[in-house]
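Pulled from TrEMBL:
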- 347-360: compositional bias 'Basic and acidic residues' (COMPBIAS)
- 361-372: compositional bias 'Acidic residues' (COMPBIAS)
- 67-128: domain 'Homeobox' (DOMAIN)
- 131-332: domain 'TLC' (DOMAIN)
- 338-397: region 'Disordered' (REGION)
- 39-56: transmembrane segment (TRANSMEM)
- 140-160: transmembrane segment (TRANSMEM)
- 210-229: transmembrane segment (TRANSMEM)
- 264-284: transmembrane segment (TRANSMEM)
- 304-324: transmembrane segment (TRANSMEM)
Amino acid sequence: MFQTLYSYFWWERLWLPANLTWADLEDRDGRVYAKASDLYITLPLAFLFLVVRHLFETYVATPLAGLLNVKEKIRLKATPNAVLEKFYATTSKHPKQADVETLSKKSGCTVRQVERWFRRRRNQDRPSLLKKFREASWRFTFYLIAFIAGMAVIVDKPWFYDLREVWKGYPIQSMLPSQYWYYMIELSFYWSLLFSIASDVKRKDFKEQIIHHVATIILISFSWFANYIRAGTLIMALHDSSDYLLESAKMFNYAGWRNTCNNIFIVFAAVFIITRLVILPFWIMHCTVVYPLDLYPAFFGYYFFNFMMVVLQSLHIFWAYLIIRMAQKFITGKARGGLGRARGSQRHGEAVVEDERSDREETDNSEEEEEAAAAAVKNGPLSNGHPVLNNNHRKTD
């Protein structure tokens, strides 16, 4: 049965145009072609990426965070409470009002204390600023190197300037060593992202990120199997062109360099929209949808490749919506909170760019009052034996 499934999976009509067979893509006369077995190396390389990432975050990103004065916010810890902890772990991290009242009776706490406990407990589980900075540093480094390497691979090729050259002689197109390593490194990196996604910072678009990683892995792998290598290198370089800008903006945001972060984000937004909403659909997808039909009739591989391109493009539209919404708030100065949202600061006249996909840290007015009271007790003054609270302080998210 396995042999039958294997035969169906590698049926030539699924992967290649009519009248072509796998025998046509066998190495001969010094010409080397892509093979499915080449991709086996990407799995051990993915684990190697995880090791390199750990070393990078420990010995490069962490010291860099110290140099940039990335500071952790001191979080108030939730008081140990078995009843509330059990509900938090097994039922919900966001109890409804009826649940809060029930938990209040069971735990012996007031309703306000239960609400405060869940706020503090959720904040404890949120990733630290240092963790976010280290992740952004690693991705920035990879995307920047990958973009430079990708441009070096394709900038001197004729299909970089004339997209019709992508299909010249297809599928009898030999593979270059530079294309081989570009593919192996990119695919290995996305495997490593998929392997580490459970332990990485979880954002609001967590499901979309999983879809993106899976779609990217399938698209890269399929383009290798079907010898869509020329189109694949163009697509990968196009994606890397804006990703490193976003990660660098995050790094400066976590370091508190607001103006630098804002300026980089403006550049990122422009590059993202131009590459993902203009160049990709109207040049690259036009190249993969229209030009091949001049050479051979459509086959399953043609439809499958372009379907995966549509999936990626749908995700780009979703993320472009978030970026444009942020940019609108950024320009009007009405933005508030989290890189993807901008917050206008009346005190400094600046806009702070943060991540719309991130969970915001929750605040509690009563906690702010407690902290202010504690500071007032320490520093004075007193009025009628009670600390005078400063109600003119500026609250921060």
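Each residue, glycine too, has its Cβ placed from N, Cα and C.
On a predicted model such as this, the values are computed, not experimentally measured, just so you know.
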Positions whose Cβ lies under 8 angstroms from the transmembrane segment (304-324), at least six residues beyond its ends: 205, 208, 211-212, 215-216, 218-219, 222-223, 226, 228, 235, 269, 272-273, 276-277, 280-281, 285, 288-289, 340, 356-357
Residue distribution over DSSP helix, strand and coil in the domain 'Homeobox' (67-128): 36 helix, 0 strand, 26 coil
Across the domain 'TLC' (131-332), average pLDDT on the 0 to 100 scale: 90
